[in-house]
Structure formats: C-alpha cells, structure tokens
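Peer 1: Supplied in structure tokens, the structure appears directly below.
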Amino acid sequence: MNLPQFLMLTLLGSTTILYLIVKAAFSYWKYRGILHAPPTIPWGHMRGVGSKRHIADVLRRFYTLYRGQAPFIGFYAWLKPMVLMLDLDAIHQILVVNADHFEDRGLYNNVSTDPLTQNLIQLDGAAWEELHGKTKHLWLKEVILQTYPALMKVRKNFELTLKKEFRRETLTDVSGLIDQFNADVISSLAFGLSDDFEENIAFRVFALNYINIKSRRYFLNIRMPNSLAFICPNWARWMNYRLFQPESTQHFLNLLRGKLKERAKLKSVPYDFLRIWSENRFPCKMNDNEIAGQAFTFIWAGLDACNSIVAFCLYELAFQPKLQEKARKEVRKVLKKYENCKRHEMLNELVYLKQLLNETLRKYPPYPFLLRLTTKDYDLPNTVFALKRGNHIIIPVAAIHNDPDYYENPYQFDPEHFHSSKVKTRPVCAFLPFGMGRRSCIAQHFAMQQLLVGLMTLLNMYRFAPCQNTIAPLRFDNSQFFLQPKPRIQLLMKPT
C-alpha cells in the first residue's frame, strides 16, 4: 500500500467514525422515544444562534410549538442532547420539590487551574455543597440590609458625578450611564476599594473592559471555544482549559489578597461583602480563592445584567411618560419622607418602582434560560416520563415570561402585571428571573436593592425621552447568551 492509498483509507476511516459518532449523538432522543424536532447536522437545534438568531428566540419557538403536548421535549445544543422543559408543574418539581435530584448546573469549572471558577454559580456536587454551606447564611436578607449604608455612600458619589457631568439636556448612552454606578457598587462592596477617585476609575475601566466583547480576546482564553467547554466539560477539564486568562485571574487574586492584608491592619472597616466573607467563621473560614471567586462573580455574572435591566427599564419609560411620571412621583415622595436615605425601610415603600423592575425582568430577563443537571434518575409525578441521570435540562425563562396564559398582552410593557392581585393568580414558576430553589441566585435580595437605588437616583434627577438615535423596536446582540441591546440604548436625558 503506497502513501496516497494509506492517507485515503485513513481519511475515509476517520470520516466514517466521525459520522457514526455524530449520528449516534443525534439519535439519542429517537432511541428514548421522546418528542423532538429533527436536528440539523452539526448544529442540532442551534443553527443560526450567535449570528442570525438569539438563543432566547430559538427556545421560545420550540416552547410555543410543543407546549401542551408533553412536559418536556428533546433538544440538541449542537451535539449535546438536552431536555427542554415546557410544563410549569414539572419545572416546580425540578427546582423546588425534588431539587435534590437536580442540584447541579453542569457548567464548566476547574478550580485547580482556573481558581476564579470556584464560585457558587459554576461549582457542582460536593464542592458546591461545601461552599454553599460556608456562605448561605451570609446572604440572608437581614445580613444584606447591613450593607445598605455602604450602598448609600456609592449612591451619593454617583449623584455628585451626575450633577457635575450632566447639568443640561444630553443625548446619553444609558447603559454606559448606569455602568458607572454598578461598577462602583462592585468595587466598593465586593472588592473593598476606597473612595480614592483614581483607584475607582481604574477599577471601573478594568471591569467594563472585561465584559466588553471586543476586549475578551485579552481576558478570555481563546484556545478553545467556550461553547466547547459547555458541551464537553470533563474533556475540557482534562485538557486543563482555562475559562479566564491567567493575567485576569492573577489580577483579581492579587487585588483581593492585597485588600485583605490592608484591612487586617485596620481597627475598623466598612460593613461590606468583603468584610462579611473575610470575617465568616461558620462553619469554617473562607480561603482567599473562595473570596476572590465570589467577588469576581459580581463582575462577570452581575455587572452586565444589572446594566441591561436598568437600561431596558428606562427605555420603556421613555416611550411611556405617564408611567415614568408616576414612578418619579413615588420616588420623590419616599425621598422626602426618608431624608438623606439613612433608613433601609425606604426601599420597602418603593412599591411601584419594584413593579417596574419586575416587569423589566419579565420582558427582558438578563439570563433567558436556567440550566440544571439530573444527578439521579427521576420519574415525573403523574406522568409516564422519566429523566435519566446525566440529562441536561433547559428551563426557557424568556419563553415562560412571554406566555399569554400567564401574562395578558405579554409583549406589552405593563407594570400592572405585578400588581399584588395579579401575582397571586399566577403559578409560582411563571416568574423566574433569579431562578428558584436552592440553586437560585443567592444574591437576588442585594441585586434588587442595587437596582432600586440606581433607578431611584436617575428618575429623581432626570426625565428620559426617545431621541433620533433611539432604536425602536429594540434589537438584541445575538452573540450573547444573555439579553443585551445592540446597538446600546441611547435616550435624551433632561434634568428635572
């Protein structure tokens, strides 16, 4: 056999093996006898996602087509077979009632080579249980409220900056506007940075560049697509894949360790998250990497999400000035009653503002789906359907939030969807912006507190209206798995 023949046979054999592997992968749901749409090789049901379509649109399409036919259908994320949940009762079983069968998310983590993945979002199994046991009591509402004075301090600085930089009517990138507040909240409360102007400006630039898609070539390791780490996390772990570049990891570790050493010499420090984490002794002390992982989560999982939520809310209010004026009236009434914002009880009286934020989270959930991994075989109650150990589950949050069975005129922005009388009539799993159960967003109380304070500050000082650069209807960045406007939202900002 000569060399060309050998190469031809090798290529033919490799192609045949690859074809059989792909065919077997795309036959999983057929062999299980589970309802599913025919997949397209090699994309599965993800064709066009990232370029022509957003993942939220794909999930919404399948949800609409198949809801009512079965509690779930088969779905292929490229070669990865997944369970797409359709029934709210089944979702409640998974998230709450029998959550012990679905406590993992199945996300990539590699603590040994990528220490910033040592956080409550990415960890699974015993590692998650250990870290959750160390931190769950630190996120109770009464603990979070103790950070209120530190949050108000950031708000005051934000207010002074706005007065200085936006004195007259201005065309504004509202996403960038709220970036300033949210980045300062993270630098101050999660990383313990001081009021030093240059220090905070440097941190803000670093944090915003980190989440900027154009800057990710520096901060994110590009030797392997992140989607491949999602599809084959065990293989990626075996390859010692790094989700975050070593330079980024070392920067945050050095920043946190330096701040912890600095604080150890002080007699008193502000009551913030860095203090809460570092002083925790129950059931045992958190190490530096664990603290860094939690602080870093504020940036990569929280910053862009909080920015988008406030931007989407202001966008909707710009087109509905009556709603905006009603919100401003409530804000000013509450601010007048609680002069200087010294008492956290103030936030409880921002009832309409909470309705606005909840409606924004409904229409524009920053993370349009939830992930769970089946850790034990599970038979869905009162059905003939079963979930097998190792099945990855998708819960299509954005599709549920736009279901007319739960929300009248779901594509209309209407804060009355969250009037107390209407909330009581809906199934509990019809609203899942933070998830539900043990693996829900552990920081949701603080996130809502932060969103309320940021939105309150802006509405008190400015009116927002559409301008010639405002895109209507909104378009989303299909390259992102979370909902982010593209282009960024620009509005006319008028001092009140």
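Yeah, the Cβs are placed from backbone N, Cα and C, and that goes for glycine too.
Bear in mind that the values here come from a model prediction, so they are computed numbers and not experimental data.
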Peer 1: Quick test of your reading of TrEMBL: among 6-26, 300-320, where does it put transmembrane segment?
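Peer 2: Checked against TrEMBL: transmembrane segment maps to 6-26.
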Peer 1: Six or more residues beyond either end and a Cβ under 8 Å away: which residues meet both conditions relative to the transmembrane segment (6-26)?
Peer 2: 39, 41-42, 44, 76, 79-81
Peer 1: Compile a sequence-ordered list of residues in the same chain as CYS441 (heme binding site), six or more apart from it, whose Cβ lies below 8 A from its Cβ; state 'none' when nothing qualifies.
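Peer 2: The list for CYS441 (heme binding site) reads PHE434, GLY435, ALA447, given in order along the sequence.
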